C-alpha cells in the first residue's frame, strides 16, 4: 500500500471554474421552480465537491469513481457478484476442502508450501509488477500493446471476447460514475490489476490461517490460566490488527490500498490521522500484529517462524518497491539554488589577499561559524583507517573481541566484564552528559579549543570523535559482557528457551532499526548534538520516527538491551539493563530537555503522534487521571532539577579541591554475465544494408607527452581515430533493410568484451536502445530514440547501386553510457536476440589531462580560471547536461539532485582524478556545490601535493637523491 499523500495538481481550479452566464435575458421562473432549481444546484455542487479527480501521466483528468473494499465485495451478500468473485471464492473453498481431506501427517508441510507460494506471489510477483510499472509503465504498455481496452467495433481489438468479459466484470463492480469505454487506459489497467491483487491477498491470508489451524495444539502441561491468558493476548492482537487495517483503509481508501499512484495520481490532499500517527508504515509494521496473535493462539513455533518470515518479506517489499516509488513520486528534488555559496566569497577574498601559494604565507585565521557544518566525510556508517577515531574504535573492538574469546567464563571474569560494561555505560551517559551540559551553559568545550588558537569546527570534529568512540565502546563492552554471561540451553524444547531467543533477537533488531531511523531523521548534525555547538536560528521539525515519538531512544532505543536480558537470562544483565535505562532517561531529562527548552522554547511539542492517538481513545475519567499524573511527574522532575542546581556549586567546589590536591600529588610523583539468445534463421535479410555511424563531441585536445615517438604515432592516427569526450551524448545513425525486425536493438560495449563479431556474448547491462517504438515492454528501452524507419536512398561502402533502406537516429546519454575510459563500439542486434548485424567503427572515450606545462601553478589568479574552464564542460557532461542540475557557469550551484543521487558525484570524482591526478571523496563534490569551489579545492590540493607530483610540468617535483 503506497502510504504517501498525492500531490494536489490544480484540481481545485477545475472544480471551482465558473461558466459565464448568457447575455440573453431569460423570463423569471415561478417561485416553486426557482426553489427547486436552487436545491438541485446545491445538491450538484455538494456532489461535485465530493468527487475525486484523477490525473494520468499524460495530463488527462477524469472522475475517479467510488469503489468498495475487497472483503465487502467478496463476502457481503448485498454486493453484486461477478465471475471473478466466484473464482476467488471457489479457490478459497478449495483451500478449506484441501485441509479437511489431507492426512494429518502432511497437512503442515503442504500448507506451509501453499502459504509461502502465495506470499511469494504477493511480495515477489506483485512487487515485480509494481516495480516495472513504476519504472517502465509496463502494465499500461502491455494493455496498450494487447489493445485490451480498444472497442472491437473499431476492428482494432484482436480479443473481442476478452474485451466484453473485462467490461462486464468492471462495470458490475462500479455501477456509478464509471464508463468502461471512456475511462483512461491507466485506470482500467489498475482495475484489472486490483482483481489479481484480490485473488493473491485473499489466498495469502486464508492459507496462513489454515496453516495455523493445521499447526494448532495445546502444549503439554499448560494450565487453564496460562491458556486463557494466551488466547486473550492472541485475540487482542488480532482485534488490534483488524482495527489497524480498517482505520488505514478509512484514511487512504482504495487508491493507496491498491497502489493506485503507480498508475495515476489524484488531485486532492490526503490527510493522515488515526493509525498513521501511531507508527511508521502501519500497514507493514503494527498491521502484522495479528500474525503474532494467531501464533499465540496456535501455540506453535512453526507458525511463529513462518510469521516472522512473512513479515520480513513484507518489509523487503516496502524497502525495494514502495519506498523508491514514493521517493520518486512525492519527494521531487527542490529547485536549484541560484545563489552562490558564501564560502565562494571567502575563497575569493583569500585569493585576492595573496596571488601565490607561497609556503611561507601566513594562513588566515579561522572564521567563526554559526551555521550548521556540512558533513563531507560521515563518521557514522563509514570506516576509514586514515582517521584516528576509526582506528581507535577498530583497535579497541579487536581488543574486546580477543579478551572475550580468549578468557574463560569463570565468575571472576564475568564480574570483570560486567563491571567494565557498567563503567563504560556510566561514562557514556554521565560523562558525556556532563560535557554537553557544560557546553550548553558555558560553551566550555568550544572555549578550550579557541584558547589554543583552534576554531569552532575543530572543536566540533574532536567532539564527534569522542562521542563516537564512547558510544561504540559502551555497546561493545555490553556485548562482551552478554557473551560472557550467555550459556547455550541444554534442551531447546524445554520451557521458553526458543521464545526467549526469538523475542530477544526481535528486540535487538528493533533497537538497530530505531537507531537507523533516528540517524536518518537527525542526520550527522543532530546525531552528535550539533545544536549544542552551533547557534543557528532555531527551527524544529518532526520527521521520520520523531513524527510518532518525542524521544524514541527512551524506550525503543534501548530495546536491544532488554533483548540481551531475555537471551542470556542473567541477573547481571538485568542490572546492566536497569542501569542503562535509568542513566539514559536521566540524560534525556537533565541534559537534553533543558537545552531543548532553552533553544526552542514553546515550539517544542508536548505530545507525539502515538500519545495523541492513545489519549483520543481514552475515556474522560482516564484523561483526567492521566493529566493529574503528568502534573505530579512534572513537579517531581522540577524539584529534582532544583535540588541539583542548588547542590551543583558545592559539588563543583569539592571537585575542584579534589583535582587540585590530586594534581599536586601527581607533580611529585586512537563480472561479467554471459547472456546469449540467437535467431536461428537470418535468411532474407541483406547484411550490407545494415550500418552504424557514430557522431559525438570530439575531444578538444590530446594528452601531451615529451616522448617523441609517441607523439609521431599519435599525430599519424589523429585523422583516423575517433576520440570523444567523457560523458558527452553520442549520436548513432543506423540503416537496415526495409523488412528488418521491429525488435532490433543497438547496444554499447567495450571492444575487448566480445571476441566474436557475429554474436554478442556479454550483457549490455542496460546500455541499449530499441530501434522502434513500442517493440519492448519497457519505456527505458526507448529513452534516446529520436527517429526510426525513415526511408532513405543508400549506396553502402561497395559502390553498389542506390537502394532504399530504413534509417533512424538514437542518442546514448546518461545511464546508457559506461562512464569509463576505453575503446568502445556499438552493435546492431536482430529481433531482440544477440545476432550481430552491424558493428560501428571503434571509438575512444578519454578524459583529457589538465595541461600544466604552460600554466604557472604558483600563481593562483592564473591557475584557478584555467582549472574552472577545464572543469566546467566535463562537469556538465557528468550531470547529463540537464539544465536543472548542470551549471551554466563556474559560480552557479549544482542542482539539488546531486545531493540525492551519488552517481553524479562519483562521475565527477572519477573525471577529476584522471584529469588532475587528485582523488576526492564523492561527498566533497556535494559539499563544494559549484565549479568555483571545486576548482579552489583542486588548487589547494595541487599546492599540498606538489612535492609528490609525478607530472612533468614546471615546478616542484619529487626530489631525487643524487649519488
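Glycine residues also receive a Cβ, built from the backbone N, Cα and C atoms like all the rest.
As given in Swiss-Prot:
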| type | residues | note |
| --- | --- | --- |
| COMPBIAS | 38-52 | compositional bias 'Basic and acidic residues' |
| COMPBIAS | 352-373 | compositional bias 'Polar residues' |
| REGION | 1-59 | region 'Disordered' |
| REGION | 349-373 | region 'Disordered' |
| TOPO_DOM | 1-85 | topological domain 'Lumenal' |
| TOPO_DOM | 131-195 | topological domain 'Lumenal' |
| TOPO_DOM | 217-223 | topological domain 'Cytoplasmic' |
| TOPO_DOM | 245-277 | topological domain 'Lumenal' |
| TOPO_DOM | 322-387 | topological domain 'Lumenal' |
| TOPO_DOM | 409-414 | topological domain 'Cytoplasmic' |
| TOPO_DOM | 436-464 | topological domain 'Lumenal' |
| TOPO_DOM | 488-491 | topological domain 'Cytoplasmic' |
| TOPO_DOM | 513-571 | topological domain 'Lumenal' |
| TOPO_DOM | 593-963 | topological domain 'Cytoplasmic' |
| TRANSMEM | 86-106 | transmembrane segment |
| TRANSMEM | 110-130 | transmembrane segment |
| TRANSMEM | 196-216 | transmembrane segment |
| TRANSMEM | 224-244 | transmembrane segment |
| TRANSMEM | 278-298 | transmembrane segment |
| TRANSMEM | 301-321 | transmembrane segment |
| TRANSMEM | 388-408 | transmembrane segment |
| TRANSMEM | 415-435 | transmembrane segment |
| TRANSMEM | 465-487 | transmembrane segment |
| TRANSMEM | 492-512 | transmembrane segment |
| TRANSMEM | 572-592 | transmembrane segment |
For the topological domain 'Lumenal' (131-195), the number of residues DSSP places in helix, strand and coil: 43 helix, 0 strand, 22 coil
Recorded stretches the transmembrane segment (278-298) and the transmembrane segment (196-216) touching, at least 3 CB pairs under 8 Å: yes
Summary of DSSP states over the topological domain 'Cytoplasmic' (409-414), given as helix, strand and coil counts: 4 helix, 0 strand, 2 coil
Result, the transmembrane segment (301-321) in contact with the transmembrane segment (110-130) (3+ CB pairs under 8 Å): yes
Feature contact check the transmembrane segment (492-512) with the transmembrane segment (196-216), CB under 8 Å, 3 or more pairs: no
Region pair the transmembrane segment (415-435) / the transmembrane segment (572-592), three or more CB pairs under 8 Å: yes
Outside the topological domain 'Cytoplasmic' (409-414), six or more residues from its ends: residues with CB under 8 Å to it: 481, 484-485, 487, 572
Helix, strand and coil residues within the topological domain 'Cytoplasmic' (217-223) as assigned by DSSP: 0 helix, 0 strand, 7 coil
For the topological domain 'Lumenal' (245-277), the mean pLDDT of the predicted model: 82
Summary of DSSP states over the topological domain 'Lumenal' (436-464), given as helix, strand and coil counts: 24 helix, 0 strand, 5 coil
Structural state census, the topological domain 'Cytoplasmic' (488-491) (DSSP three-state): 0 helix, 0 strand, 4 coil
Summary of DSSP states over the topological domain 'Lumenal' (245-277), given as helix, strand and coil counts: 20 helix, 2 strand, 11 coil
Intrachain residues whose Cβ lies under 8 Å of the topological domain 'Cytoplasmic' (217-223), provided they are six or more past its termini: 230, 298-300
